[in-house]
Amino acid sequence: MDSLSAYPPQSTFQQLQNDEELARRLQDEWNSSSPSSAPSSSSSQNQVELDEQFARSLQNSQSSSYSLPPFDHPPSKNPTSSSLSTRKRWRQKRLWSFKNFPFRPPTRLTSTPSNSSSLPSIPSSSSTPSISSIPHTTSSVSNDIPSVLGSSDHPIDLDNPEHLTPPSSFITAKQLSRLPTPLPPPSSSSLPTGTISTNSFCPYERKVQPEHVTKELHQLLQHNTPSPFDTIDLQLKNEQVQSAGLLVSLLPHQVEGHAWMESMEQSSKCGGVMADDMGLGKTIQTIALLLTQKSQDPLRKTNLIVVSVALLHQWAEELSTKVHPSKKLSVYIHHGSTKKNLDSYELSQYDVVLTTYSMLAYEMKQNDAFNNNNPATATPPPACSLLETSWYRIVLDEAHTIRNRDTLAAKCCVKLDAKYRWCLSGTPIQNHIDEFYSLLKFLRIKPYCVWSLFAKDISRPLKSYRADIVEAALKRLRILLASTVFRRTKETRVNNLPIVNLPPKTIRTVSVNLLPEERALYNEQMSSAQSLVDNYFNNDHDLSRYGFLLVSLLRLRQFCCHPWLVKSSSLDNSFRIRDSENVRNACKSLDPLTIERIATLQDFNCSVCLDPCLAPVFIIPCGHFTCQECMSMLVGQKYGSSSTSTIIAKCPMCRGNIVQDSLVDATILQAIHGPLNSLKQLELDMNQSFSEQESIKLRWENRIDQMFTKKFGKRASEWKSSSKLNQARQTILDIIGSKRNEKILVYSQFSQYLCLVSHMLKLENIRHVRYDGTMSANQRQKSLHSFNNDKDVLVMLVSLKAGSVGLNLTIANHVILQEPFYNPSIEDQAIDRVHRLGQQKPVTVYRFITKDTIEERIVSVQRKKRQLVKEALDSNENNPLSRLDKEELLYLFGLNS
């Protein structure tokens with residue numbers, strides 16, 4: 001068979017002659033096979049419906065990315081006997097065209113070239129297909145059209161609505177369930193050794209068939225409840241677990257959780273979401289599962305546990321100290337300096353492999369980069385042992401890390417091969433319901449591991465304005481959660497008794513009033529921010545302005561902590577990119593190879609700070625880019641303030657000169673050269689929660705900590721406190737003054753502010769340590785050791801992002817939250833570092849909220865998000881809440897009450 005690419009083109013005249021000859025043959029064959037030329041009333045009605053369908057197909061095909069051969073306009077739709085034969089003739093010609101020129105939808109995925117035999121065959125010009133090979137005017141669809149669902153060269157990603165079959169292929173939605181399955185991916189033998197196919201075909205990404213969906217829904221609803229608590233023999237279960245090698249006894253609620261995990265692995269789901277509240281023992285329940293449910297297959301025996309970097313050694317210690325030496329598990333840490341570049345066979349010799357999300361993302365990026373290059377090059381394939389290994393069980397700790405399904409880590413987790421899959425997260429839903437889909441996709445929970453079904457049944461209906469649609473979607477969501485998620489909170493009671501006895505937790509909200517001079521400056525900042533918001537919404541949501549809007553939010557929040565945090569970063573000095581004729585001409589002069597390199601980028605990572613960019617700035621003509629903050633540092637002045645076009649600066653990558661008119665942003669680049677792969681990330685940034693977007697901005701703050709502290713040390717004589725810093729000082733002194741030797745955690749999102757708190761503590765002769773993202777793993781470990789073992793160290797200053805997960809800090813019983821965070825789950829996780837199993841003292845939490853500022857509005861946003869999680873996981877109310885939208889954004893800036 002010849003492939004489509006080998007099919008010889010014909011002249012227009014020859015093509016028309018063949019069409020006419022084929023039409024005459026089809027007409028004769030059609031007439032000879034018809035018992036009567038007069039159509040019945042029912043067939044006439046079907047005829048009209050089909051005619052309308054084809055007319056719509058013709059209309060839609062004009063905008064298709066793959067245009068069909070030109071045809072004259074169809075005859076009249078009036079199904080009379082005089083015009084019927086002409087109409088049939090035109091339709092048969094049309095069907096033959098679809099047969100010989102199949103529609104191939106575009107794809108954003110890069111597939112490995114396959115053999116020509118995998119493509120549908122094209123008949124030669126001399127052969128005339130029989131009437132049986134042409135789709136008739138019935139509701140059925142021929143199995144000879146495999147291309148409408150894509151091929152190995154053009155796979156369709158079912159998670160991307162853009163890749164679904166468009167109407168120009170004339171296949172209707174009702175017929176979609178009867179289409180043939182996609183062609184299989186190319187065999188691994190056709191790939192270079194050591195590579196992973198990037199084909200989007202996966203077992204869970206298949207065409208949706210109603211009968212399969214019904215069957216899968218029935219399977220989903222089976223085994224959806226754990227065994228009743230009072231029917232479990234706790235003593236017998238504990239004996240079984242301890243005989244398997246566990247050194248500690250499980251608490252009653254942990255025995256129940258372990259039993260549920262065992263039952264889920266025995267069901268068709270092969271895993272689930274263990275969503276116990278922070279501090280209830282998800283780790284020990286998982287270790288018990290590893291011991292009691294070991295693999296019997298020596299070729300697939302290894303468990304992969306994916307954690308954050310901060311938890312690597314904690315998991316290793318738990319696996320070492322909680323398991324009897326005679327049953328000890330062999331553990332290998334696949335990360336950093338301990339990584340030995342083992343291949344998949346060597347990894348499969350261990351019982352447990354510990355790795356990190358960043359390591360998975362790195363392997364995914366390396367593999368994609370290799371597959372996107374020419375396979376004929378001599379570049380050796382990268383080592384992707386995690387992707388190549390067949391795992392027995394995969395456990396994602398803090399699984400909400402992959403809640404964004406478009407990140408490299410999430411994509412890599414989905415591609416991993418395993419028999420059983422588990423998600424451990426106390427907050428499986430944080431900002432919106434769509435985050436839960438990423439966990440379902442990893443778990444391959446059918447049928448909702450396909451985005452089109454999840455969106456149709458749950459995601460989109462929850463955003464409806466009709467109460468009945470919302471109620472139905474909420475019921476479906478709760479059934480789905482009940483079938484896949486097992487969750488207990490610290491307030492859960494069994495037989496009218498709490499499942500765990502913890503000391504009481506008291507949360508105190510402390511209102512902070514700005515000083516008069518601070519209030520005047522804050523009002524100035526708010527006015528500038530409001531003008532930016534007005535410009536943003538009045539300019540059709542210009543992406544180039546969106547980054548400035550986020551920065552303005554950041555500055556307002558920083559000001560509430562201390563004016564010095566924004567003293568050198570006023571909104572008026574924001575770095576701006578101008579759209580001018582010179583800029584566009586510079587874009588047009590880009591080298592084609594440079595354009596191709598930019599277009600294939602998967603992520604916008606700044607070449608200076610290596611952080612993801614909200615609005616990257618490209619340098620012409622080299623095509624390298626940085627984030628706006630780094631470019632502002634490079635040029636050393638506010639953009640556009642210079643009277644000359646020359647800026648004395650060098651590209652950080654190639655050391656070429658940077659000229660003012662040679663700086664462009666991604667939106668201008670796209671307007672001239674078309675869509676970029678990486679612009680998908682910019683669109684994603686628009687839909688992400690504010691917490692995720694601002695965390696990118698905050699990473700830059702960590703990089704200037706040392707410079708800020710050095711500068712601050714020289715200005716010690718100019719030291720000036722703030723209203724919030726005064727409140728923190730008074731609260732800490734009151735706790736220490738009680739002389740109970742109680743320790744304190746001080747959380748803040750801003751590392752610069754922690755520098756100010758540190759200086760204040762030094763002035764008060766209070767010993768303290770720090771724990772933030774700027775410190776190495778060894779430095780963090782030293783801080784933890786000092787805080788836990790040195791009685792004189794009473795305070796630990798903790799970055800909210802770095803210290804909100806994985807730590808056990810029950811040595812402290814006071815928590816001070818210096819400012820509110822958009823995502824309340826992050827705050828809850830930070831508090832649970834203290835209020836968890838092992839805590840012996842009452843816990844007090846102080847939440848500082850600056851009065852009549854943006855912080856009060858953030859608290860209001862927090863309430864909505866808490867309500868969302870409550871409705872999804874606990875409540876029976878029917879009022880879902882969506883993600884932050886335009887109205888909430890206006891509300892944050894005080895432009896909407």
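Quick reminder: no glycine exception, Cβ is built from N, Cα and C everywhere.
DSSP assigns Asp277 (ATP binding site) to coil in the three-state reduction, outside any helix or strand. The ATP binding site annotation in Swiss-Prot covers Asp276, Asp277, Met278, Gly279, Leu280, Gly281, Lys282, Thr283.
According to Swiss-Prot, the feature compositional bias 'Low complexity' maps to 32-44 (among others).
Annotated compositional bias 'Low complexity' per Swiss-Prot: 57-68 (among others), in sequence order.
What Swiss-Prot lists as compositional bias 'Low complexity' is 106-142 (among others).
Residues or ranges marked as domain 'Helicase ATP-binding' in Swiss-Prot: 263-446.
What Swiss-Prot records for 727-890 is domain 'Helicase C-terminal', and it gives sequence analysis as the kind of evidence.
What Swiss-Prot records for 25-89 (among others) is region 'Disordered'.
Annotated region 'Disordered' per Swiss-Prot: 106-168 (among others), in sequence order.
Here the motif 'DEAH box' (397-400) has Cβ contacts under 8 Å with residues 273, 282-283, 305-308, 311, 315, 423-425, 427-428, 430, 435, 439, 442, 805-806, 825 of the same chain, all six or more residues outside its ends. Per Swiss-Prot, the feature motif 'DEAH box' maps to 397-400.
Mean per-residue pLDDT, taken over the zinc finger (606-655), amounts to 63. Feature annotation from Swiss-Prot assigns zinc finger to 606-655; the stated evidence is sequence analysis.
Thr283 (ATP binding site) falls within a helical segment according to DSSP. Using the Cβ center of Asp276, Asp277, Met278, Gly279, Leu280, Gly281, Lys282, Thr283 for ATP, the list of other same-chain residues with Cβ within 8 Å runs, in sequence order, Gly426, Arg836, Leu837. Residues near Asp277 (ATP binding site) in space but far in sequence (CB under 8 A, at least 6 apart, same chain), listed by position: Gly426, Arg487, Arg488, Thr489, Lys490, Asp832.
Residue density at Asp276 (ATP binding site): 22 other Cβ atoms are found within 10 A of its Cβ, drawing on all protein chains shown. For Gly281 (ATP binding site), the same-chain residues 6+ apart in sequence whose C-beta sits under 8 angstroms from its C-beta are Leu250, Leu251, His253, Gln254, Gly257, Leu837. Of all Cβ atoms in the shown protein chains, 26 besides its own fall within 10 Å of the Cβ of Leu280 (ATP binding site).
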